[in-house]
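Scroll down for the structure; my scribbles are underneath it.
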């Protein structure tokens with residue numbers, strides 16, 4: 001039975017208890033939100049994971065993608081990237097390999113982590129079609145479903161499945177046109193197949209069969225956003241909104257089956273459109289958890305897109321997005337390496353946390369408040385303890401140690417806090433009344 005069906009029947013599962021403890025919320029609240037579809041807990045019943053809650057009134061979660069490419073196929077590096085992502089604080093992983101032995105890579109990653117792991121099954125179907133017949137346009141619709149089931153059996157916890165691309169969506173995309181085109185890899189595979197074969201999307205037509213599979217293994221559907229813009233000038237266009245309408249309808253059908261859903265959102269979007277997109281998605285999809293990809297809020301900062309994404313992530317979390325896919329410095333340039341992954345997770349976590357603070361400083365800002373007290377008392381040990389990455393903070397100060405232990409080399413004895421502690425705080429509260 002799925003987490004959602006258990007919740008609908010009034011049962012609090014161990015996964016719900018874990019999420020409640022992590023979020024410091026009542027387990028019954030988590031159950032009610034899972035039953036409504038407002039919170040998802042990706043937790044495949046084929047393997048053990050540490051449960052992570054994604055959705056309303058929870059801390060904004062961060063996903064890190066890993067995976068090989070056709071140019072760089074190094075399983076050891078991908079395992080290192082997964083480990084580094086976890087150490088940096090990623091809440092989930094997505095395994096998106098397109099090069100090498102895809103089954104072995106996926107299964108090895110799953111064996112080496114307790115984090116929830118996501119995938120995009122159409123990648124494997126397309127790769128196999130290309131290897132066999134030379135092009136993704138030769139994909140067999142039966143293979144699309146077979147790969148979904150195979151990956152579900154392996155233990156994948158959430159899947160990005162491109163069910164919402166249909167002929168009407170493509171018609172609107174074609175009529176309107178775009179500066180940046182269509183940049184979803186899975187969306188490009190499905191769209192090219194539809195155009196070449198002059199047929200409806202098999203994943204849309206056979207959505208009930210998709211639901212049969214994911215319900216059996218309690219896989220959370222991450223409803224893929226194939227029509228997301230790849231350039232700021234294309235954001236929030238008719239094709240994207242048309243797909244969102246379809247996504248909302250598919251969410252309804254999934255909930256009727258007790259299948260958990262997350263809805264993916266834009267990747268490239270101006271800051272001023274973020275709130276609008278979140279409001280529309282929450283309305284259309286009846287408060288399903290929203291998974292934003294980045295987002296990228298300016299298109300001209302390659303090599304620093306992790307910073308761009310952190311800015312977007314802060315705005316997304318602030319306005320109610322629930323799940324953010326990280327972006328690394330290698331975005332738009334190359335397959336990310338281990339250090340790129342670390343920088344991407346760090347940047348996105350900072351952005352997501354900043355957005356959470358705008359929603360509820362007291363609840364999400366315990367360490368921020370404690371840090372203020374530690375800084376005022378010049379207690380460096382406590383400052384490290386409340387830092388998001390304590391070792392990094394300590395390493396910088398230790399590299400350039402101050403003469404006075406209670407200061408740093410930025411100000412030394414001219415430290416404003418030290419001066420205030422010595423003089424202003426000792427003054428009588430009524431000293432400045434006259």
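Backbone N, Cα and C define each Cβ position, glycine as well.
Listed in Swiss-Prot:
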BINDING   94, 123, 162, 184, 185, 186, 225, 226, 227, 228, 264, 291  substrate binding site
BINDING   268, 332  Zn(2+) binding site
BINDING   408, 411, 415  [4Fe-4S] cluster binding site
Review point. Given the recorded [4Fe-4S] cluster site (408, 411, 415), which additional residues of the same chain have their Cβ within 8 Å of the Cβ centre, ordered by sequence?
Key: 402, 407, 409, 410, 412, 413, 414, 416, 417, 418
Review point. Including all protein chains displayed, how many Cβ atoms other than that of residue 185 (substrate binding site) lie within 10 Å of its Cβ?
Key: 16
Practice item. Output, ordered by sequence, the same-chain residues six or more apart from residue 415 ([4Fe-4S] cluster binding site) with a CB under 8 Å from its CB, or 'none'. Key: 378, 406, 407, 408
Check your understanding: Which has the fewest other Cβ atoms within 10 Å: 162, 268, 332, the binding-site residues listed?
Key -> 332
Practice item. Taking only the Cα atoms, work out how far residue 264 (substrate binding site) lies from residue 332 (Zn(2+) binding site), in Å, as a whole number. Key: 20
Exercise for review: Fill in the CA-CA distance, residue 227 (substrate binding site) to residue 268 (Zn(2+) binding site), as an integer in Å.
Suggested key: 11
Check your understanding: According to DSSP, does residue 268 (Zn(2+) binding site) fall in a helix, a strand, or coil?
Key -> strand
Revision key, fill the gap. If you measure between the CA atoms of residue 162 (substrate binding site) and residue 332 (Zn(2+) binding site) and round to the nearest Å, you get 22
Revision key, fill the gap. Integer Å value for the Cα distance linking residue 225 (substrate binding site) with residue 411 ([4Fe-4S] cluster binding site) is 49
Check your understanding: Across all chains shown, how many C-beta atoms besides its own are within 10 angstroms of the C-beta of residue 411 ([4Fe-4S] cluster binding site)?
Key -> 13
Review point. Far apart in sequence but close in space: which same-chain residues, 6 or more away, have a Cβ under 8 Å from residue 94 (substrate binding site)?
Key: 63, 64, 65, 66, 67, 117, 118, 119, 120, 160, 325
Practice item. Give the residue from the binding-site residues 227, 408 that has the most other Cβ atoms within 10 Å of its Cβ, counting over every protein chain displayed. Key: 227
**Study point:** Around the Cβ of residue 225 (substrate binding site), the count of other Cβ atoms that are within 10 Å
**Key:** 27
Point to revise | Where residue 332 (Zn(2+) binding site) falls in three-state DSSP terms | key: coil
